Amino acid sequence: ILERIYKWPPPPPPPFASPLLPQSLSLPLPPPLPPLQPLPPSLPPLPPLPPRLPPQPSLLPSSFLNVDDIPFLMERFTQIPFDHIPPHEFRRIQMFCYRYPGHSKCRKKEWVAVQTVNIPMQKNTSHFPPVSEIPQVNVFENVSTSLISDIPRFAFQELKKENRETLLKTCLNEVKCSEQEEKWTIKREQIAALEMDLAKKVAVTSADNFEDRIQLKLMRTQQVKNSLLQFAGIFDAVVPADDGTFQDDILLTVQQSNYLINSINNPEVRKKRQSLFLDDLPKEKWNITKPIKYILDLSFEQNERELIMKALDEIGSQTCIKFELVDTQPNESHLFYVKIPQSDICGLSYIGRVEGFNPIYLSFTCEKSFGIIIHETLHALGVNHQQLRSDRDDYIIVKWENINPKLYDYFAVLDLKKFTSYGVSYDYYSIMHYGPYVGAVNSKKPTIVPRYQSERFLKVMGQRKALSDKDVELLTVMYCSKGCVDVNVYCGLWALKQLCTHNSWMNENCRKSCGLC
């Protein structure tokens, strides 16, 4: 603009006759600069910016308007950039439309920010990007009122007053609940490094800002924990363990965290589930018409490779789920077993089939590695921890007086709309059950006590030797009933209440949980 309007800068002066002259000689001065051109009589006025609207409560905090934080803005918008729009230009458009949402060109749905959920943020920590609001589906449509009445109504993660007071008392007397422990920070950093290294190994083509995506995923997981504490009524006193995991060994995708946060923020829900409700989620279900392919990290020792193969053979020999070892990365969903170098982490896994491939991280530094392999593989197949079923209080007693409040997510009942028991009853012997001393303030006292025959079942809870009979039954119902489905996530609960023969609707719509396949 300066060159065009003011003809600036002027042409340079002519060069000197010689670059080096004796100091005794005086140099001639260069010719004087030409006078500045006068300003044109009038310049065309710049187009006015549209009026800036006042900030809306649900939009990003001001700290997220920094250039370094722009990648996080991508999730606020309904669509990814079109192929013909460079990513940096797309981000500029988003920033403009964020500041000026009333502009006519910002009305297109590609640039309109989606609704977000108001989530509590931990004090003295970095801000979280907003969470998209997910519409709640009415799962009771076309369901008889008699069946609906058999589902207890309760607030999601409502903690009894006496249990809440017990946890707060622990914060006052035994645990510094507002501090983050170094071991959790180290674990989070290790997980971020594992995910980043894996992205490099598999040559992720869309690895732009991949480190930012990993950090966003870990922050979302922490945000889920914050939400649980908020609804338990202890958020102001407790900082949850920021270790990058949920329930110690589960990794969450951003989409899974968003779903959890939306479910927690739905004040009243009716749920009773344990394993992923795959009949309604085909994208998260493994195709078992052929073996599930898996890759082994080259850093595994030979005996470790053999133990992984033996564990998968254990699953395959008792169910219809088969596995096939391959040497190269297949162009389809698969499992990728990755070695964790020198870590106290026993194993990590996502729950259910995730986009691309499922990494399963193993360290082989813990006892009972065989059972840990099976446990983490069952997570990938869609099975959750046993003691987090919402009917768990009928079978176990949670000792809140001995629980570290910062590990509250270990004991918060997971009432996801996409989980079901498929009619399989509670199992103390399950390889997916926690041990009795997990999350304890005093490691010599249990945090989970069986409600029945406690001395007997205390010895078996948390076993990592082999699949239990009910583990096999659950996998069989989930995957091996070809062409037989449940149309409602509550079919498993109704089946456990012996309602399969009391209602014709059950016979037609809950065939899997009722064993009518």
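Cβ atoms here come from the backbone N, Cα and C positions, even for glycine.
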Among His334, His385, which residue does TrEMBL name as a further Zn(2+) binder in the site formed by His375, His379?
His385
When secondary structure is assigned with DSSP, how many helix, strand and coil residues does the domain 'ShKT' (484-517) contain?
12 helix, 2 strand, 20 coil
Please list residues from the chain of His379 (Zn(2+) binding site) whose Cβ is under 8 angstroms from its Cβ, counting only those at least six apart in sequence.
Asp249, Ile250, Ser349, Tyr350, Ile351
What is the Cβ neighbour count of His375 (Zn(2+) binding site) at a 10 Å cut-off, with all protein chains included?
25
List, in sequence order, the residues of the same chain other than His375, His379, His385 whose Cβ lies within 8 Å of the centroid of the Cβ atoms of the recorded Zn(2+) site.
Asp249, Ile250, Ser349, Ile351, Glu376, Leu378, Val383, Asn384, Ile431, Met432
Could you give the Cα-Cα distance between Glu376 (active site) and His385 (Zn(2+) binding site), in whole Å?
10
